[in-house]
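The feature domain 'BTB' is assigned by TrEMBL to 14-123. Per TrEMBL, transmembrane segment is recorded for 168-191, 211-230, 311-332, 372-393.
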Amino acid sequence: FAKYLWWNLHEHEELIHLNVGGFKQSVDQSTLLRFPQTRLGKLLNCRSEEAILELCDDYSDADKEYYFDRNPSLFRYVLNFYYTGKLHVMEELCIFSFCQEIEYWGINELFIGSCCSNRYQERKEEDSSNDESSIFDKELEKFDKLWLGEIRKKVWIRMENPGYCLSAKLIAISSLSVVLASIVAMCIHSMPEFQRRDANDREIEDPVLEAVEIACIVWFTVELVIRLAAAPSLKKFWKNPLNVIDLVSIIPFYATLAVDTKKEESEDIENMGKVVQILRLMRIFRILKLARHSVGLRSLGATLRHSYHEVGLLLLFLSVGISIFSVLVYSVEKDDNESELHSIPVCWWWATISMTTVGYGDTFPVTLLGKFIGSICILCGILVVALPITIIFNKFSKYYQKQKDIDIDQSNNDHKEKYNELPYFNVRDIYAKRMHSFISSLSSVGIIASDQDSTDFLHENILAKKKKSH
């Protein structure tokens with residue numbers, strides 16, 4: 001009954017007294033009740049002290065003050081939300097801290113004002129890549145609960161972080177060398193000097209190039225199996241595009257082996273031979289393995305992933321321009337016998353190479369009006385391509401710098417771990433132990449009378465050392 005009496009008296013007060021990290025503010029109840037689903041709105045609907053303490057860190061019955069151990073500078077934005085009904089994000093704010101703060105106060109991101117929502121979403125997407133190093137650290141914590149976790153952790157770090165130690169660098173250099181050797185061997189195989197045929201006029205592999213190919217595939221397979229065995233989570237392992245690329249790079253070899261084996265038993269040799277040629281061409285995907293060792297390629301992938309709006313806009317502009325100019329040049333060139341632009345599909349090709357300013361010169365307009373349309377097409381192509389490319393280039397620069405920062409952070413964290421593993425020596429403790437053993441030896445020969453005297457002597461000696469140091 002006393003609790004309900006206390007609350008009824010408190011309920012008639014118009015102002016709510018808040019203390020957020022030392023920042024005190026009195027707010028009208030009606031202001032907070034506008035948003036009953038937020039933390040402060042729910043606080044007004046509490047009917048007991050226990051319910052209040054579930055929503056705030058402390059409560060003063062004497063001052064009728066609610067205390068929250070939160071960042072006072074960020075609370076000012078929350079308070080402004082209750083007054084205006086909109087959240088506003090300043091340029092100097094950390095996006096992740098702001099997200100955590102509004103989540104604590106129970107405020108949805110949908111309340112962010114239209115003047116700040118676009119900038120907020122862009123910064124949130126851009127800054128999400130900075131969290132990769134912390135994600136890597138969280139993955140390392142999972143090894144403590146896994147079977148052979150310590151061994152798998154050491155293997156995983158060396159496979160994923162080339163800057164960790166000398167052995168990790170050697171693994172990365174070896175992997176990069178094998179990738180380059182595989183690509184070079186594939187290119188050399190296309191040269192006529194290295195193409196051989198058997199007695200039945202069927203193409204066969206050069207023995208040296210075949211040996212290089214097998215050695216590279218063995219390396220790629222062993223590397224993938226080791227990564228797979230050491231991975232802390234198989235689900236996240238296959239979500240990584242680099243690991244999917246590793247799998248795709250070795251599939252053509254094993255598929256070719258299976259097709260070659262079946263080709264000997266199959267009567268449809270011609271179709272099976274085409275399948276083998278297609279599978280051999282798929283080996284070019286191995287060049288994507290360089291992304292594991294290249295900051296630039298990883299940044300390019302991140303840029304394309306976050307710039308799909310700009311890329312789509314670029315393709316849309318080009319498609320519209322190609323369609324318009326191909327029809328225009330077709331309409332003025334179709335009746336000229338010397339012109340090769342006698343169909344719209346051919347004009348598509350001409351408009352594409354003209355708008356992208358490539359200009360092969362294999363097809364071109366011959367009439368005066370056609371050349372004028374071609375000039376307009378080239379100028380429009382420059383404008384159409386230049387506008388989105390600038391945005392994409394700026395994003396690439398940002399992601400490239402962030403990727404470099406992530407690599408530096410991971411390298412610094414590795415050095416910190418090595419530093420923490422070094423033995424720690426407290427000079428004062430070592431000095432005290434040695435003095436104690438020295439005094440004990442003196443007391444054993446009767447120079448110092450007792451253990452209590454030796455302790456007092458040691459204490460006085462340490463105090464004297466401290467005074468000298470000060």
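Cβ from N, Cα, C; glycine included.
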Folded-back contacts onto the transmembrane segment (311-332), same chain, C-beta under 8 angstroms, at least six residues removed: 304, 341-344, 347-348, 350-352, 354-356, 365, 367, 369-370, 373-374, 376-377, 380-381, 384-385, 387-389, 392
Chain residues in Cβ proximity to the transmembrane segment (372-393) (below 8 Å; excluding those fewer than six residues from its ends, i.e. six or more beyond): 303, 307, 310-311, 313-314, 317-318, 321, 325, 328-329, 332, 351, 354-357, 364-365
Average pLDDT across the domain 'BTB' (14-123), rounded to a whole number: 86
Structural state census, the domain 'BTB' (14-123) (DSSP three-state): 52 helix, 21 strand, 37 coil
